[in-house]
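Pulled from TrEMBL, these are the features on record:
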- 27-50: transmembrane segment (TRANSMEM)
- 87-110: transmembrane segment (TRANSMEM)
- 150-171: transmembrane segment (TRANSMEM)
- 177-194: transmembrane segment (TRANSMEM)
- 233-252: transmembrane segment (TRANSMEM)
Amino acid sequence: MTQQTAESPARKQRAQLKVRTLRTDRWWLAPALTFAGLTFFLIYGFWAIFDKSYFVEPYIAPFSSPCLTTACPEGARLFGWAPIGDWFTLPPGLIILGLPAGFRFTCYYYRKSYYRSFWLSPPACAVGEPHKKYTGETRLPLVIQNVHRYFFYGAILIGAVLSYDAILALIHKPAGLGTWILLVNAVLIVLYTLSCHSCRHITAGRLNHFSKHPLRYRAWTFVSKLNAKHMQLAWASLFSVMIADFYVRMVAKGVITFPFA
Ligand code: FES
């Protein structure tokens, strides 16, 4: 029997199976659910960004916050501020959409999930994919995914703004159900942001001696615990932001009117 080396052609080929996979479990369930969840989010987001009912005192819908143009109602503006002026006539949510969207789109977890569920590359472990070549993220266009670490800083800003919105709602008396929905959403968004792999790297990624940097070590330990739950936080915050956004729009439209809405 001849020994195969790393360079031998046989080692470079994929397993020559006649069937797509030998797996007998429901391997297709996770990519199918992911496909459904992400598609639903994209459709909702598209509707929400063009919907005009994004503000009702004291709530602002997360998809439209921060509101930075003079078209925004007075109470909806961040610190009463409208730095973009009146030249931007498209929905205000479009101005900041790139930050949270770019952060999620380039997120390591979401990459894995949409590569599997949309691109089927591969759809699951040990399941054949329809593509002939695999070049990974080492060349264009996927090498651009490396900008994720920069989106992280933008996501910190968005998390701070959503927290500020929730606090404004909280100090408004009486606090309605929307306040608690915005608050839970802000907490989940911040936890998802802090659980980011880039955040973990920033806290202590290049340290050789934890003992010389006790504060960074503690931060890293905290972020590492969150990081272990990154997938769960990604989904929880995805749904919480949709629920909070939808709730505010329904109150603003007068669809939800019960006391303390
Ligand atoms: Fe998922 Fe950074 S890795 S948000």
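Using the three backbone atoms N, Cα and C, a Cβ is placed for every residue, glycine included.
Bear in mind that TrEMBL entries carry predicted annotations, made automatically and left uncurated.
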Of the listed stretches 27-50, 87-110, 177-194, 233-252, the one with the highest count of C-beta pairs below 8 angstroms to the transmembrane segment (150-171) is 177-194
Lying 6 or more residues past either end of the transmembrane segment (233-252) yet within Cβ distance under 8 Å of it, the residues of that chain are 37, 41, 44-45, 48, 51, 53-56, 59-63, 104, 107, 109-110, 177-178, 181-182, 184-185, 188-189, 191-192, 195, 226, 261
